[in-house]
Amino acid sequence: MKSGRFIGVMSGTSLDGVDVVLATIDEHRVAQLASLSWPIPVSLKQAVLDICQGQQLTLSQFGQLDTQLGRLFADAVNALLKEQNLQARDIVAIGCHGQTVWHEPTGVAPHTLQIGDNNQIVARTGITVVGDFRRRDIALGGQGAPLVPAFHHALLAHSTERRMVLNIGGIANLSLLIPGQPVGGYDTGPGNMLMDAWIWRQAGKPYDKDAEWARAGKVILPLLQNMLSDPYFSQPAPKSTGREYFNYGWLERHLRHFPGVDPRDVQATLAELTAVTISEQVLLSGGCERLMVCGGGSRNPLLMARLAALLPGTEVTTTDAVGISGDDMEALAFAWLAWRTLAGLPGNLPSVTGASQETVLGAIFPANP
């Protein structure tokens, strides 16, 4: 069974940077050693946003974007290696999620697409890469997401305490770690995505730092109710979603009914939408004693306060409180999934994704010996 140093690479739906994590992994433990966040050039970020909103690209443009993202991921890995004074031979493998540009796990031909050429990463780092984690699960009838609940269960499950882990990235997803029950998990809906999109369009800021804009506004209740009527929120699990659904176009369609509203009030309403949709799903899933939050949204004081208010009797905390950096959780999970793939172990949970069976995930891109 392969063990040693692994690197996880994650570029999520929030597009706030490439997260790279170094960890030692074996069958008994996962120990994070180092991490860094690598910036995404504005031009690349905009290209990804455009394709996620349905903008058509030529095959040449698509191929260029795939190559550019692969090179970006390789640069991020090499920066971490340099910072830690490590060589390619010191790393067993890289687990790279890739950049999701489309996720459509239902319909006539279910599919998901993550780009960022793994061949570029191997060529530029000299390290074996495990990637393309989601499509095997979809081929077996699953949603292909979320995949992180298996990792949450391995690290954070408790024998008697009802726990849930909430990742608030661009999309929010919930892992249900309930003693005596199969692990559950699904995407609750938008996390930071709509809040970030709104403040970017209105103020040119990548995100609402310390929820300053949202705190200065007031929730527009009719707008909130209008958004909550979206059928995704009442859809039963298993379910997953992404930027191809909850994007700026989705927000604009709801705002057409509310002309002339204060931008800060919209920001406050979007924060409330995220908090309400999460808390409703926690309660519908039977509630928990402890909700551990990770991802960028765990740094949003308004979101954390609203979750605590909407979930009385639940201890709302961050995964940092139990020794796991909330900023690095997903990248760490894909390092762990790479380890499982190389060990020939399944990485999905049918109770979460709806797949017909457990399966080894991903494709292996071996480095030269």
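Start at 1 and count along the chain as shown; that gives each residue its number.
Placed from the backbone N, Cα and C atoms, the Cβ positions cover glycine too.
Feature annotation from Swiss-Prot assigns ATP binding site to GLY12, THR13, SER14, LEU15, ASP16, GLY17, VAL18, ASP19; the stated evidence is sequence analysis.
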Neighbour count check, CB within 10 A, over binding-site residues ASP16, ASP19; minimum at ASP16
Residues lining the ATP site besides GLY12, THR13, SER14, LEU15, ASP16, GLY17, VAL18, ASP19 (CB within 8 A of their CB center) are MET10, SER11, ILE40, GLY169, GLY170, GLY296
Identify, among the binding-site residues GLY12, GLY17, the residue whose Cβ has the fewest other Cβ atoms within 10 Å in this structure.
GLY17
Candidates THR13, SER14: member of the binding-site residues with the richest Cβ shell (10 Å)
THR13
Highest CB neighbour count within 10 A among the binding-site residues LEU15, VAL18?
VAL18
